[in-house]
């Protein structure tokens, strides 16, 4: 059983909707009974107290809260609980799939994310008009998840485009996410990695792997699927390739080749099998025969790719 807790700032609308909760220093420990309690007076840390209060322009109130989770294996109890679990992932206190995230979409609100903070979707044009006296209003998106870097900035990583990494992503030290890379929540890297493609929800990429430009990895949200896809150590997904099975260590998927679970692949001995039967195997090269068009899989000798150390000295 793993417990977690955190003191944070919640943005709440006039009708009680929780837009966000920021936990600057979450912990893997319990500091009281499970649930969320609003803090007042001396219970509010001094560095957070000055940030609380009403924001009339956004029609919200920022309040201090303490959220405690007795067991991360249990489903989230409320919106604050979900936000704490997402922070734990991006703070690298938990790895993808170590905390139960069942039902989170029903607990999170759709939010207008702006340079002045989160705003309610309903009536936003009126809110925008009030905010304009502060300056230009930039809308980063309308979504249930914000950009990770607006809440957590993990050490030892590079993120070329902040819009491409959602809160709840787990980026290990040494990870570089280039402009076209994308990392969803409850997904990410476990070691030094180059990310120029898409790491979908639930996908885990191990140390030393390279997700090439435009490459796509199917996630647990794809078509309502439940398959959790893992990419092992020192693997390469070539540019514009795709992956719907897990890879062991030292594997390569040729550029432009999409390997789904049902893809028929021809082995070195001429046998034809579904790619799912090879899920999790190591030292494999998936390629397309340029003459016949057939997808082939052959054994690879030695270790896989080697990343450029200079690109990951973050």
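Cβ from N, Cα, C; glycine included.
If you check Swiss-Prot, you get these features:
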- 163: Mg(2+) 1 binding site (BINDING)
- 180: Mg(2+) 2 binding site (BINDING)
- 196: active site, acyl-anhydride intermediate (ACT_SITE)
- 198, 213, 216, 239, 254, 255, 262, 274, 287, 288, 289, 290: succinyl-CoA binding site (BINDING)
- recorded positions (163, 196), the one with most neighbouring Cβ atoms at 10 Å: 196
- The sparsest Cβ environment within 10 Å, among the binding-site residues 216, 289, is found at 289
- Specify the nearest of the recorded positions 163, 180, 196 to residue 262 (succinyl-CoA binding site), where nearness means the distance between Cα atoms. 196
- Excluding its own, the Cβ atoms lying within 10 Å of the Cβ of residue 287 (succinyl-CoA binding site) add up to 17
- Query: What subset of the recorded positions 196, 198, 216, 254, 287, 289 lies within 10 angstroms of residue 180 (Mg(2+) 2 binding site) at the C-alpha level?
  - Reply: 196, 198
- Task: Report the nearest neighbour of residue 163 (Mg(2+) 1 binding site) in space among the recorded positions 196, 216, 287, 289, comparing Cα positions.
- Result: 196
- Between the two most distant Cα atoms of the succinyl-CoA-binding residues 198, 213, 216, 239, 254, 255, 262, 274, 287, 288, 289, 290, the distance in Å is 26
- Query: Near residue 254 (succinyl-CoA binding site), which residues of its own chain have a C-beta under 8 A away, given they sit six or more steps off in sequence?
  - Reply: 238, 241, 285, 286, 287, 288
